[in-house]
Amino acid sequence: MEKNCGSGQNKLKALRMHIYFEVDFQEQAQHYQAVLYSRGVTVDLQPIEKLNARFLRLNPDLALCVDENGLWLSANGMKMQPDWKAEIPRLKRASLKSEMIARACQLGEKPVLVDATAGLGHDSLLMAYLGAQIQLVERHPILFTLLEDSKAQAQRDPFLSQFMDRIQLLFADSASYLQQLDQEAKTVDVVYLDPMFPQRDQNQQAIKKQAQVKKQMQLLHLLLPEDGEMDLGDHLLELAKKVVKRVIVKRPRHAIFLANQEPAHQWQGDACRFDAYFQ
């Protein structure tokens, strides 16, 4: 089990969730129930005859489900998990020269990097593959458990297992964790921020998402509502700048600057950009 820094859930409301499962997966469902309960989530186990697309369509409320591929988040006829194994083709194409994120975060120097806005962990997975030591921070107990499950599956994969020891999952509030790093003067080279809700461009127009990303984000938005509580955006930038000399912020290409702060440098791609803040 990954590290619990003690502050992961103290600002979250009480959570209750169903876990749907076929009878063959009852033991796994009970395991997830116990893990989530230890993180403040009350889980109701719901055995069903068949967990399929029809069942998901008929049960549109936000829930969890368990099958041979582990733990999933489901709603509105869709299901989603971080699924790190699906990222293998992308990783095999990646290199320090080809990836813009590698240049922005100086991954060739094998930095110690805090990803303070974990999401599905795909960027951290890429950065760990390219050599970084990653501290992946997430405070929502359900999303953290989904990430933990994806890492456990990755550790059993011949390709991914080669660098899983470079990813440390931390069940913590990112703001509190950055403050802790500042107080303890721990060595971190880079803080990486990819806020979940940068939905506006420089003209305050809504930014469109690709279909697959939109599908994943729809479910994450249901789990992490955009009410200011879960949007770990603007306030993290100032905290991060106190901790490290290099803060990298990922943004949609035409999005406004995080916290309205102009970066010192930018790397521009077709769909996104990386804004750098140096101290």
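Backbone N, Cα and C define each Cβ position, glycine as well.
Fair warning: this is a prediction, and the values are worked out from it, not measured in the lab.
Feature list (source: Swiss-Prot):
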{"type": "BINDING", "residues": "E138, R139, D194", "note": "S-adenosyl-L-methionine binding site"}
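Considering only the binding-site residues E138, D194, the Cβ with the fewest other Cβ atoms within 10 Å is that of D194. The maximal spread of the S-adenosyl-L-methionine binding site, taken as the longest Cα to Cα distance among E138, R139, D194, is 15 Å.
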